[in-house]
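Before any comments, here is the structure.
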Amino acid sequence: MSSQTIRTPVSQIIHSKETVDDEEPKKKSREDWRKAKELEEARKAGTAPAAVDEEGRDINPHIPQYIANAPWYYGAQGPTLKHQRPQREEDKGELSKKLPKGLDTSRLVTKFRKGACENCGAMTHKRKDCLERPRKVLAKYANSLVVHDEHIVQDEAVNYDEKRDRWSSYDPANHREIIEEYEKVEEAKRQLKAEKLKNDPDAEISDDDGNEDKYVDEVDMPGTKVDSKQRITVRNLRIREDTAKYLRNLDPNSAYYDPKTRSMRDNPNPQVPAEESEFDGENFVRFTGDTTKHAAAQLFAWEAHGKGVDVHLLAEPTKLELLQKEYEKKKEQFKSSTKEHIVEKYGGEEHLQAPPKSLLLAQTEDYIEYSRSGKVIKGMEKPKARSIYEEDIYLSNHTAVWGSYWNGGRWGYKCCKSFIKNSYCVGIKEPELTADLMIKGLDKNNSLKGDNTTREVSEDSSKKSLEESLSSSTSSSSSSENEEELQKRVSTHKKTKKKFKKRERKRMKKLIKKENKRTEEQQKALNEKNKESLTVEEIMDDRKRPYNSMYDIKAPSEREIEEWQRKRTRAEDPMLQFIDK
């Protein structure tokens, strides 16, 4: 933004306000601001002529505002860039010109004048600006105590630099008077001290006047405490809340701790990884940041000085840095030119463009160090190879993928043991009921009836199959086998059949017994729970209620946990809202 704003000096505003009693300049209205903005945009676009300074030169409208605007003390009356151009010698002013300062003793004042300072009687300031001590009898009433006026520098007589020159009207010859006066005072002090020693030789002469640097010892630097009597410096380098360095490792063979300087250079726990350690020794701090750069620059300066180049790190740091950059650049150019020369002479450029060894040999030399827990301590862990298919994407609240569980010839989800694909996971921890477990869930009477009917059907079918097999066997082998052999085969078949039935009966009895026991335990646990709730409700009087009767300190049994899992409501189940409560 390069809008040309005219800044009126503060002194001119005050002067015009004192001389002419006009109204203060008003702020620009919104319409004026809009017009100025449009004019500025038009000048930038080239549709309006550029602003012209007092010398008739065009001002570039793209110049920034902080460059185009003149300072307030410059007194510019319009758009100008004169303050950015070199000043002429006659405009700079004469700093060597001596202007009068101090009191004007050329005029003798004997009585109080009208409009002067009521306190001291000077005409150059008012009472509120007077720097003298307030008098008991003002100069207005005591004409004999009127002071001289001061020399006032007129604004139109000097420019900005001359007005603010702190050495204006200073005479260097006056400095000699100050030195001579100081030497006289010192000589008088020495004579007084010599006379005192001559009159009383045993008198102790204090060093109050002789030793001027004695106050330096009494000043405490931050972090230090200096005892001027014993000349001992005690450093307080550690905050009291911080752990002391010697407590980092109590092994006497660990890093050396200097108690005098309170320093421990080496790492007290080198076996601890850098990411976990809190203190790695002071050498770690000494060789971090730009310290290595500074050491390399110092080494380069020494080597350059040894070869005849006059350069110093502290005296000419910029020159040294430029020389070092130029040296590194030429060194790289020399290396590349040498490489190109060797390739041109002997050939083999195609071998330099080969892929990296890790691709050629299918192996790398990356070092990876693991901790006992399997965490990577050093190096970067090798990324796992992933397939082209989507991985680790779980749908419908599952924490395992489909096919992670196998049971009874069917695939399912491992998290909920569900065999239904794309089903919602409800967090079932037990597998689904198999054919044998489904028999357990039936009622006792129904299970017995079902078992008898199935047993009868199986017996009839086995009898029929046996008779068919016997008849077929007798018809086919009537010519070759005897009746005795047939009878033996029938008897052995009956025996095996009886053994099989007995074994089946025992197995079914065990299953029924186990299921009955389980249902009885569930019912018993439910009854106990209901009984506890009833007893708590029956106890109405707190005075008769036993201590801790409301709490059961026993751990819940497996049956109780199972009952709670079966009856608890699952808020994450999307079908919960469709269940009739």
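For all residues, glycine too, the Cβ spot is worked out from N, Cα and C.
Bear in mind that TrEMBL entries carry predicted annotations, made automatically and left uncurated.
The feature compositional bias 'Polar residues' is assigned by TrEMBL to 1-14.
The region 'Disordered' feature in TrEMBL is assigned to 1-62 (among others).
If you look up TrEMBL, you'll see 15-44 (among others) marked as compositional bias 'Basic and acidic residues'.
TrEMBL lists 76-100 (among others) with the feature region 'Disordered'.
The compositional bias 'Basic and acidic residues' annotation in TrEMBL covers 86-97 (among others).
In the predicted model, residues of the domain 'Pre-mRNA-splicing factor SLU7' (159-404) average a pLDDT of 81. Positions annotated as domain 'Pre-mRNA-splicing factor SLU7' by TrEMBL: 159-404.
Per TrEMBL, region 'Disordered' is recorded for 194-218 (among others).
The compositional bias 'Acidic residues' annotation in TrEMBL covers 202-211.
Annotation source TrEMBL lists region 'Disordered' at 251-277 (among others).
Residues or ranges marked as region 'Disordered' in TrEMBL: 443-541 (among others).
TrEMBL lists 452-467 (among others) with the feature compositional bias 'Basic and acidic residues'.
If you look up TrEMBL, you'll see 468-480 marked as compositional bias 'Low complexity'.
Sequence annotations record features per position, and here TrEMBL assigns compositional bias 'Basic residues' to 490-512.
Residues or ranges marked as compositional bias 'Basic and acidic residues' in TrEMBL: 513-534 (among others).
According to DSSP, the secondary structure content of the compositional bias 'Basic residues' (490-512) in residues is 23 helix, 0 strand, 0 coil. DSSP labels the residues of the region 'Disordered' (251-277) in these numbers: 0 helix, 2 strand, 25 coil.
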